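Trainee: Take a look at what Swiss-Prot says about it:
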REGION    1-21  region 'Disordered'
CROSSLNK  K74  SUMO2 cross-link
CROSSLNK  K83  SUMO2 cross-link
CROSSLNK  K86  SUMO2 cross-link
MOD_RES   T90  phosphothreonine
CROSSLNK  K103  SUMO2 cross-link
CROSSLNK  K120  SUMO2 cross-link
CROSSLNK  K143  SUMO2 cross-link
CROSSLNK  K144  SUMO2 cross-link
CROSSLNK  K180  SUMO2 cross-link
CROSSLNK  K211  SUMO2 cross-link
CROSSLNK  K218  SUMO2 cross-link
CROSSLNK  K236  SUMO2 cross-link
MOD_RES   S241  phosphoserine
CROSSLNK  K246  SUMO2 cross-link
Amino acid sequence: MAAAFRKAVKSRQREYRERSQPGFRKHLGLLEKKKDYKLRADDYRKKQEYLKALRKKALEKNPDEFYYKMTRVKLQDGVHIIKETKEEVTPEQLKLMRTQDVKYIEMKRVAEAKKIERLKSELHLLDFQGKQQNRHVFFFDTKKEVEQFDVAAHLQTAPELVDRVFNRPRIETLQKEKVKGVTNQTGLKRIAKERQKQYNCLTQRIEREKKLFVIAQKIQTRKDLMDKTQKVKVKKETVNSPAIYKFQSRRKR
């Protein structure tokens, strides 16, 4: 009965309406309600309490107080930042680690050198840029013989094969024997492409072997610098070479 009565009373109540901002105050925005004021007041009170606590802490601070965390924290732009701690390594451990690095790099360099030698033997590399080119010298008695000299006729081979330093058959050999291997244009292009790919791989391996050699030298130089012997820098370090130092000579017992 009471519940039905409350419902009947509520149905006859006037609808609650919030007062809106008057027209002459429209430029000030929406009219602040009680809930908006409460949020603003709570935020203001919270900030004031925080400032009050900071003032109290500053008044009660002991100028001689010390915490061990102070040795690991620095103030940067008003913010406390923990300093990065470096790993402590003894000189003996560091020297051993660098020795291991040198051994590993030297092992990789030797492996690259073996692969280079294998590729060179497979490609019959006689005129590669990384190796000094061979020279064939002809001797003559007169200047007229030099002017009339024909390399293809002297070597008894075709003019197209003169620039070769390997696989250069004579004309009589070409006339007697049949051409062995692939003769169609497609097959020749495929073989030339594969050969060029192997040459590119060889070039990359030679460059990698050189870089590993330079890295090993630089690591060895840094390892030698850990010695306490007096030293003088003779040449600065570059991309392709390590720094050169002159060490004080010591008499060995």
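Don't overthink the numbers, they just go from 1 along the chain as shown.
Every residue, even glycine, has its Cβ placed from backbone N, Cα and C.
What you see is a predicted model, and the numbers here were worked out from it, not measured in a lab.
A description of the local structural setting of each listed feature is requested, covering burial, neighbours and distances.
Mentor: Non-local neighbours of the region 'Disordered' (1-21) in the same chain are 28-31, 33; each lies 6+ residues outside the stretch with a CB under 8 Å from one of its CB atoms.
In the three-state DSSP scheme, K74 (SUMO2 cross-link) is classed as strand. Within the same chain, residues at least six positions away from K74 (SUMO2 cross-link) with a Cβ under 8 Å of its Cβ are H80, I81, K83.
K83 (SUMO2 cross-link) carries neither a helix nor a strand DSSP state and counts as coil.
Within 10 Å of the C-beta of K103 (SUMO2 cross-link) we count 11 further C-beta atoms, all protein chains included.
For K120 (SUMO2 cross-link), other Cβ atoms within 10 Å of its Cβ number 16.
Under the three-state DSSP scheme, K143 (SUMO2 cross-link) falls in the helix class. In this view, K143 (SUMO2 cross-link) is surrounded by 8 other Cβ atoms within 10 Å of its Cβ, with every protein chain counted.
Long-range Cβ proximity for K144 (SUMO2 cross-link), meaning a same-chain Cβ under 8 A and a gap of 6 or more residues, is found for none.
In three-state terms derived from DSSP, K211 (SUMO2 cross-link) belongs to a helical segment.
Around K218 (SUMO2 cross-link), the C-beta neighbours below 8 angstroms that are at least 6 residues distant in the chain are E237, P242, A243.
DSSP classifies K236 (SUMO2 cross-link) as coil under the three-state reduction.
Look at S241 (phosphoserine): DSSP puts it in coil. Residue density at S241 (phosphoserine): 13 other Cβ atoms are found within 10 A of its Cβ, drawing on all protein chains shown.
In this structure, K246 (SUMO2 cross-link) is part of a beta strand by DSSP.
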Trainee: Other Cβ atoms within 10 Å is the metric here; tell me which of the recorded sites K83, K211 scores highest.
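Mentor: When each Cβ's neighbours within 10 Å are tallied, K211 tops the list.
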Trainee: Please report the distance from the Cα of K143 (SUMO2 cross-link) to the Cα of K120 (SUMO2 cross-link), rounded to the nearest angstrom.
Mentor: 40
Trainee: Just to be sure I understand the packing, how many Cβ atoms besides its own are within 10 Å of the Cβ of K246 (SUMO2 cross-link)?
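Mentor: Result for K246 (SUMO2 cross-link): 11 neighbouring Cβ atoms inside 10 Å.
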